[in-house]
């Protein structure tokens with residue numbers, strides 16, 4: 001019975017992992033289509049289905065392009 005309760009608690013509290021491989025890419029594959037952009041992201045374009053194309057803001061010291 002303890003094993004069942006332990007397994008139930010572990011499986012109940014696990015969150016599903018997010019797979020970045022299947023996310024829709026945009027902005028020459030440098031952005032991701034989302035409902036809302038995060039704090040460290042900027043809106044660079046619009047995607048289909050009224051989604052926003054967000055790209056992570058790079059710090060000034062490390063500009064990679």
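Just so you know, glycine gets a Cβ as well, placed from its N, Cα and C.
Look at residue 26 (disulfide bond): DSSP puts it in a strand. Sequence annotations record features per position, and here Swiss-Prot assigns disulfide bond to 26-53 (among others) based on similarity to another entry.
Taking the Cβ of residue 33 (disulfide bond) as reference, residues of its chain lying under 8 Å away and at least six apart in sequence are, in sequence order, 23, 24, 25, 26, 47, 48, 51, 52, 53, 54. Under the heading disulfide bond, Swiss-Prot lists 33-47 (among others).
Under DSSP, residue 54 (disulfide bond) is assigned to a strand (E or B) in the three-state scheme. Feature annotation from Swiss-Prot assigns disulfide bond to 37-54 (among others).
The signal peptide annotation in Swiss-Prot covers 1-20.
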